[in-house]
Each structure stands twice: as structure tokens, then as C-alpha cells.
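A.B. asks: As annotated by Swiss-Prot, domain 'Myosin motor' applies to 36-715, with the evidence given as sequence analysis. Taken from Swiss-Prot, the feature ATP binding site covers 129, 130, 131, 132, 133, 134, 135, 136, and the record attributes it to sequence analysis. As annotated by Swiss-Prot, phosphoserine applies to 357, with the evidence given as experimental evidence. What Swiss-Prot records for 588-610 is region 'Actin-binding', and it gives sequence analysis as the kind of evidence. Here Swiss-Prot flags 719-739 as domain 'IQ 1'. Summarising the annotation, Swiss-Prot assigns domain 'TH1' to 771-961 and lists sequence analysis as the type of evidence. Marked as compositional bias 'Basic residues' by Swiss-Prot: 980-1000. Taken from Swiss-Prot, the feature compositional bias 'Low complexity' applies to 1066-1078. Look at Swiss-Prot and you will find 1089-1098 tagged as compositional bias 'Basic and acidic residues'. Summarising the annotation, Swiss-Prot assigns compositional bias 'Pro residues' to 1109-1118. According to Swiss-Prot, the compositional bias 'Polar residues' annotation covers 1217-1236. According to Swiss-Prot, the compositional bias 'Acidic residues' annotation covers 1258-1272.
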């Protein structure tokens, strides 16, 4: 039969919002790439160099270039644009830890910026790898991310960010060049510090330059290029520059054309020139400064075109003086003095402390060419230093710097066919960086574990400190110190200095990382063995410009040229000036010191091939890099170590919010030992013990997941606190809204009445005195709500049916029911249907199951105006025939528990419809063929239904046709009363799931006591319909009139019975056994899940039971310690293990009564305990105190005479009368007994329940304010 799933709803009642704490709905990520290989090498099943190389190769072939080793990023140069640096990709990494997103350089940048903000510590990233592995690109992407992540609307902050980004194209133009291995190889070292203010916005910056490869200015090996700026300038110079500085194409200059390569495949020099000019303007270089920079570049190019010939004396002579004249014009010096400085060398002798003679020594063409190149290199080197200093001046324009993020972009390890002084300096710096990596990761980590007494298995690794000492040591002297001594010994002759250096190298033969081979020597670097040439190495180490060239520059009238060169040389100074080796050692040590003051991050870059091909992967080359970078040792230490360590003090300062014992409302409240605070934090954050260790001064967290969990909880702390305040405030506002709605509804009902109740009364008048009534239709809460399937709402079953059928009009009435379906030669069938009524149309909707899904189809679409008549029987059945006007289809014969409401609404929509009530229903079974259905009374019919067979309806006797509906009970609390609420649980977890249907279901499984939902007065009609159309299985038991339990009525709702009535009560109660055989069989299932009633007890009219005396409530008696009760009816139970099945007459102990109408009972022998309906139990009385049976004869006679008349009344009333601890008996209108009839029993029982709930709710309301702030 039809099931009412949802009761009537008010428009102002909204579905509760879903709580954000719930698991989000899973969605398919179409953009997520399939995982290739392993994203973190610490997860490798087998740790070896080969397995690492194989994993990197697999990912490289699939376009994935980034892989982790813990927090260290491995980057393989793809030699192509993968489209992974867009703004969309950048945004996806904001606020994410590295486990939430794929490996990426943006993840390293996000981690650095997050740690800067969270721990207020300087950060740096060390990018290492050989030349062409992608170090410069990684540095650019980190700068890109930090500039984007540090959003600020301040104009000054935005200007600084633009300046920082502009340093990339500017310094790349002047410091990078195309080599055989890399089209954009850094030929200098750069450490960029981005400084942040207290709001962690970039406010300043500083660039430190390391060892520019100035030799590249004057010469390159075949197929390499000079610095980018020379090709940009010569190809993209404006006409003004071409006219002022005589700029030609790069093929016209020796310095740019000698190597035979003036173009590169991936480089657009003209476009890059425009980018360089834009970067200059962004940084703040004015036009005059730009002009002077390009004037110096033009001078360098023209200096390279100065050629020398040998004169008659074998000395050098300038081949074309027009070139020297133009160079003198550009440098703004005297042309003759320039030529003299190029072809002659000034030497000065000394005698002790006295100045000696001065000699002008002529130079041969080779020597003159060397002097020319020295002048060009000196101008470019000093120009580059000036540009770096000028950038720093612009970046320091805004004060307020507090912390910084450093980005180290330095030349990679180099091994060429011929390696000289430049390579030994570059490789030395890379050795120092490797030493930092070892000290800060491998060595320092193990030393920390040992110092902190952490359980640890030592890992062997190679410490390259011995190689660094071999190069930089002072005592005993290293290679660079030996080179300085050779220069001091033979400073005038480069060849003699080289020979002296070769002799001193014999001192290192005992070192296992050094080998001497004729005019070469080998250093066994961490990245491999490198052979260096001795010839000319000492001259490069001098790094000195001839004094006559310095004096020449001192005579210039160009203030810019004077600015970029140092002060005049102190001719009287006897102190040896620092060599290039001294400078690089000093710079490297300063760099190490700077990096050691910051929290480091690491990016290890790998070059997959030497051909710069995006498809080639050289296993041998990559495997070599994997070995010398020490990736295997890094993986082993990472797997055995801890992802995070912090001192107790800083850990508590960071995470004390996570422990209620350490904090309150954001304040640190713990005054005990710091170690105890650490333990409390870890305990309250529920970090497993295996995930951390406590050392002597620090706490160690093993996995990144645990650290991220701590960080996530801390980030959400303030959100959770704000959410608590918001929930409390919203709850307060909702109470005010509910109270206002309640007041408004009450006022409206007092002024104009309830429209739903008015409609019910109108329908009752239409059938007044014509049709027997059902018990549920007499309830005071029964109102004609109309849309019982909630078709007008969204996301309901009714709206789903409405959409399937295609109903667009507003639904006036909807209900489930049945329709009689006739078949030729077979009995008619009762098929389930859905009835939907709009203002114009009445729909009868059929349902079928197809492919395990319910499908709804339109059986009837009846125009309300074409309904001629509605035919009903005069009994209490639910059948009605809808007679149509001149219809070509049969008239529907339908069955619905809300037939009266349907008939009433049809009548309201069409006043012409006739209502016919009689012993039969006449309808057209087929067009123009009238068919008659009869109705008969049968005791064998279902209690809440009927039987249809052979055109006859069999139904039980109903209430008299003139029975009146009960009035709607009044609100017991009045306008000032608070809403009745069920007692709130103090436990936090139960409060979280208050509105969850699943949680209710789970709680029902765990809670043995059946619970009841708070009543909604407007939904009682739906509940009545559900009970009417879904009766519980009938189990008939014999019942006597005297066995009806007495009602426990509150004293303020009852009055004392008269003395005559007391006597009648005694007689009626004593007739319990003698009258049992003469009673009918009625069913008494337990009353579960019935809604609460807030209305006071009322009396109703029941003419069939007017003169039957009913026992009043027994007088109150003292409760024994273990009171005995007797089962008045059979209680078979529903099968739940928490219930105690009983048979009539069983005696049990009652230890606990619940307001919901259940009692906890235990057998007399104590063998079993469970819940039973309170209404089924009566106090047990000893037979010695029972009134003699003979005294009750008169009562039995009366009962027997009237039993046939009140049979239906009792059977229907007993289903609804037993609620809570209140039971009532039937009375008539003229009876003085204050106890109500069975038809009024539901209201009476719910009234008693409501009284008790009001008292409980008052206690709840007193404590409710205190619970608000404890709501998580």
C-alpha cells in the first residue's frame, strides 16, 4: 500500500546545511596525469644508482622532469617548453605542501615562502649541477613564483617585484653566453637575496656577483659565442647608436665572429635586446646611463678590431690607426697615448727604498695583442660589476627589510678538452657547494642524531673536504697558494712563473686526489677527474691591468669610464695586490657563510645529453651525474632519518595552539617544563609515538605527512574558533526567528484561524452524517495540508515524479494510493498509483520497475472541469469513484486514505461536482457501461484497510457518521513558552551529526532505547496517513473491557470521581476474569515512533459507548524498591535484542520508566532484561486483595450487551491510546468521568507526554547557553 515518506512542510522550513566537516563528494579529475615511475626516490623498492637512473629516464621520456628525494628536488633539463610554468600551474601550488601536488620547482618556492612566514627564518635555495643542466631556468622560476605569491596592492612593493624580475633578462644578457653544452650558460655566479618586510612583502634585494668569465670577451672556442649582449647590441642597435658608436653587424668584429657562430637556434637577439632595454628602464637606469653602457660595449668591440704588424725592428705597430682613433673617441682619451700604451710597456727599477730608472720597453705583436685583450677584459669586467652595483642601489631604495630568501645561480661543474684557470675556479666553487650540501644534509644530520641521542643507523658517505683543502688551504699550502708563490717569485716572466708553479706541484704527489702529468695536473673532483693545463695559468691568476693602461684610463674625460674603474694605483705601495685566486677563495667562503645563516633548500639539476636534444637520454652520462651528486647516499639517509627537527622552545612556540592544556583563546598558558608542553602538543594532536622522537633539546618528526598534519591543524585553529562563534550566533538568531514565527502563526490562527483546519472542517461538512468515519480522521491535529509528497519542493521524491511525468503546474494535492485495474476474464487488481492534483488537472500516475529503477508513467490526465461526480460508500472504507463527463475511457475507481481531502479539493476547484454517498459506488467500468460496487461490514476485514473481492468492499464498522473531529489542541506553553526540545547530548561527537540521517540510523543501532522525534504539529496529518495506510502485522489477542489500562492523568487535568463512580470502578476492576471469554479479538502492537503531543487532555463524543462505566485511574501508591508489573497484553517484540517479549499475564520487575513510553523490565528470576511498552504493563496485584467476582455481574452484563457496538471503537483506540505512561478509557458526551474516550486517547496520552517534556525542556534551556560555546 501507499507509503507517506514525508509529511506536510512549511515554506519557511529549509533543509539544514551540510556541515563542512563531512567528507567531500569524490570527483573525477580529468586533468590529473597518470603517475609515471616514482615521484619520490625514497619510495624506491631497490636503492641503487641504476634504479635511480631508470626512474629518472622513465619520467623524462613521459615529459616529467621533476622528482623528489624527500625535500630535495631533482630536475632533468628537458631542452623544450613543457608548458608547466603558466599562471594556472603557479596558482595550483599556492598554499599547498609538497605532498599535495606533483614535484615542481614551484613547490620548492612555496615551501621556502611558507617557512619564511611561519618560522621567520631566512631561506635560501642552492641550485647545483653541471653546465647546461638548467640551473638558471630553475632560479628564474623561483623568482617568478615568489613575485606572484607575495601579492600586494602597494605600489612600492609592486615596483620592487618588477625590479627583481627585471634582473633576470639584464644579467642574462651581460653574464650568459652560448656554449657547446648550453645556449644560455651562466658565465658568472650570482646570489640574489630577495628581502621582505614584516608583512612578508618583498621590499628590497641584493645581488652578489662571483667570478665573471672575462676571458670569453676576447676569445671563444669554435661554435661558441661571446656574451649575449654583444649580439643583441650589434643586431638591434638603433640608428642613433649606429651613428654615434659606429655599430656594425657581429660578423664585422673579431671578438664576435672569430669562433664562427653569431646565431643560435633558440635565441632571438633582436627581441632579447628589446627585453634588455625594458629591464634597464624597470630597474631605473636613465637614458644617459644606458648610452654610456652601450658606448663602452662599442669601445670593447672596436678594441678587438685593433690589429698589429711587425715593424722593421721587429716590434709591434698598429696596422690601422683609424681604428685606434675611433677607440680613443669612444674612450675619450688621447689617440697617441692609447697607441703608446698598446705597443710599449713601462718598466721602473728601484734601489732599495729609492725610485730607480723608468724604461719604455717595446712589445712584439703577440705581446701587444695580449695588452689589447687585457684592456677589453678590464673594461667589460668593471662594467659588469658597475651594473650589478647599480641594480643593488635600485633594489635597496625601500627600507624595512627583515628577512630574506636567497637564490644561488652559479656556473656548473665544467670539464673541457683544455681546462685552465677559469675551470679550476669554477670547479672549486662547485666543490664548496657540494661541501655545504654534505655538511647541512648528510654530515650535520648524522651528527645531530648522535648529539641528541636519537636511535640511528650511520650511513657512509664521501666528504669532499679533502678536495677543497687541496685547492684552498694556506698551511700547508694548497694549489692556489702555490700558484701565488710562483707569481711572486717570477712576476716579470709568465713562462718562468709557470715553471716555478710546476715544480711546486710536486709537493702534492702524496695526496690521493692529485696527479702530476708533465705540463698538466689532475684533480679528482667529486664530479670526476679534471686535467688542467699549466701553461698560461699563472698569468690568468695575476688578474692585473698594466699600470700604464690604468694611467691611460685615468686621463679620460668620460666620467662614466672613470667611475667604473678603481682609484689611482698607489705607486709607492709594496704590498702584493690580491690575485684572482685570492678573490675567488674569499668570495666562496663568504658565500658559504651566507648560506649557512639561512635554512637551505636544494635543487640538483641533471643534464640528460650533450646534444641539447629533447628526445635523447644518455644513460652513461646521467648515471655519472647520479653518482657524483651523491643521490644514492641522499636517498639512504632520507629513508633512515627524520623529515623535521626543531628545538623544544620553537616547536612549542609554533604549535602550542594545538593543545588545550597549553593555550586558551590564542594565549600561551602553560607554565611548566617545555618538554612537557611538547608531549602535550603531540598527544593532543594525536601524533603516533612511532612518528616522533624526543632528543635532548629538540623534537624529531619522522615523516613529512605528520609535519603537514600539524601545520594543517594549526592553520585551521582560528577558522575553527571563528566557526564556533558563528555557529553560536547563528543558533541564537535562529531561535529568535523560530520564536517570531511561532508568535506570528499563533496570532494568525487566533485572528483568522488555520486555513488547513478550515479546509478540513469544510470537507467534514460535505460528508456530515452520510459516511462512517475512521479513528485517524477524528484527530485534532489532522489538517488538510495537500502536497504530502512534497512535489513543489526540490530534491524530493514527489518532485522527481513530477519531472518524469512532465507536470509543470503547481501541485495542490499529492498522495500515494491504489487504483482498481480490471482484466478481461480475471479478477480485478489493486495497483499502486500516485495521485497528483493541480488547479486544472487530476493525474493518476502508474509505476513500474525497469532495470532496477522505478519508472513513473501517466495513466490518467483528467480535466477537473470534466469531473461530473464523486461516488463513495457510507462505510469507513477509502474507495471513491471519479465519474467523468462523456469520457471515452473508463472511470477510475481509486483508494486513498485521504479521500475526504481529495474530494474536498476537487469540490473547491469545481463547484459543479456532485458528491454521492450510499451503500454502493456506481462508475463506468467501460465507456457507457455502468458498474456497481457494493460495501459490507465484516469483522474479518483488516483493521486499517479493507478487502475488495467480486465487486464488494469488506470493511469493519467505523465511527458513527455524525462523529465530530476533535479541536486542535492548544499550545501548552502559550506565546511565552519555549519550544519543546529533546534533551541534548553533552558529547561532542553526537552533536556534530545532529542533522545526519545516517547518524540517526547508526545511533538507532547502538541505542537500545527506542527514541522519538520532536513533534511538528503540521506533520501529524502525514503521520496519521502513514499509520492508516501501513498498519503493522495483526496479531490478535483476547481482551476484556476491564483489561484496558487505566490512565495516569495529571491532577491539574482531572477531578475526583464521585462516590458512586468509585464503587463502579471497584466492580469493573473485579470483573476482569469473568468477562474475558465474551470479548472480541483485537490487535495490540506496541506503539513506536509516535510523535509528541503538546495539547491538554480533551473530551470527545462517542455515542456508541455512552453508558459503559470505565475504570478510573487507580489511587497513587508507594513505589516499592522493585515494583512488580503484569503484562496486560501479549508483546511479541519486533525481533530487536534490546526488547523483552512477554505474554499476557507475565509478571516482571520494572526498574526504569522512560518518557518515550518504554520501560526497562526484568524477569522475576533475573534471567533476562529488556524494554517493553509501558502501556502494556499494569501494576501487579495479589489475588488476596481482589474484589470477589460475584460482585461484578452487573458490569459484565452491561459490557456484554454493548460489546458489539464498541468493538471497533476499542480496537482503533487501543492502537493510539497507549503512549508514554498515560492510558485513557472511552466516555460519552454526557458522562462525568474526566477520562477521555478511546478515540480521544491519542491526544490525552500525548498531552501527558508534553507536560513531562515541558519540565525537561525548562531544565535544558537553563543549561543551553552553556552548551553553545562547547559546540565543535
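Every residue, even glycine, has its Cβ placed from backbone N, Cα and C.
How about a rundown of where these features are and what they're close to?
C.D. replies: Annotation note: residue 133 (ATP binding site) sits in a coil segment as assigned by DSSP.
Residue 357 (phosphoserine) falls within a strand when secondary structure is assigned with DSSP.
Sequence-remote contacts of a segment are chain residues at least 6 beyond its ends whose Cβ falls under 8 Å from one of its Cβ atoms, and for the region 'Actin-binding' (588-610) they are 56, 60, 71-77, 79, 105, 108, 111-112, 115, 119, 121-135, 138, 180-181, 189, 191, 208, 210, 404, 406, 408, 412, 428-429, 432, 435-437, 440-441, 472, 616-618, 621-622, 625-626, 629, 631.
Under DSSP, residues within the domain 'IQ 1' (719-739) fall into helix, strand and coil as 21 helix, 0 strand, 0 coil.
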A.B. asks: Please list the DSSP helix, strand and coil residue counts for the region 'Actin-binding' (588-610).
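C.D. replies: The region 'Actin-binding' (588-610) comes out at 9 helix, 8 strand, 6 coil.
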A.B. asks: In the predicted model, what is the mean pLDDT computed over the domain 'TH1' (771-961)?
C.D. replies: 90
A.B. asks: Around residue 129 (ATP binding site), how many other CB atoms lie within 10 A of its CB?
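C.D. replies: Summing over all protein chains shown, residue 129 (ATP binding site) has 25 other Cβ atoms within 10 Å.
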A.B. asks: Name the residue among the recorded positions 131, 136, 357 whose Cβ has the smallest number of other Cβ atoms within 10 Å.
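C.D. replies: Lowest Cβ count within 10 Å among the recorded positions (131, 136, 357) is 357.
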A.B. asks: With every protein chain in view, what's the tally of Cβ atoms within 10 Å of the Cβ of residue 133 (ATP binding site), excluding that atom itself?
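C.D. replies: Its Cβ has 25 other Cβ atoms within 10 Å.
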A.B. asks: Given a separation of at least six residues and a C-beta threshold under 8 Å, show me what packs close to residue 132 (ATP binding site) in the same chain.
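C.D. replies: Correct list: 77, 179, 181, 182, 185, 412, 607, 612.
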A.B. asks: For the recorded ATP site formed by 129, 130, 131, 132, 133, 134, 135, 136, name the remaining residues of the chain with Cβ within 8 Å of the site's Cβ center, in chain order.
C.D. replies: 77, 182, 185, 412, 605, 607
A.B. asks: Just to verify a number: CA distance, residue 136 (ATP binding site) to residue 357 (phosphoserine), in angstrom, no decimals.
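C.D. replies: Between the Cα atoms of residue 136 (ATP binding site) and residue 357 (phosphoserine), the distance comes to 52 Å.
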A.B. asks: Restricting to the same chain and to sequence separations of six or more, state which residues have a Cβ under 8 Å from that of residue 130 (ATP binding site).
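C.D. replies: Result: 181, 412, 413, 414, 527, 605, 607, 625.
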A.B. asks: Taking Cα atoms as reference points, rank the binding-site residues 129, 131, 133, 134, 135 by distance from residue 357 (phosphoserine) and give the first.
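C.D. replies: Checked the binding-site residues 129, 131, 133, 134, 135; minimum Cα distance to residue 357 (phosphoserine) goes to 131.
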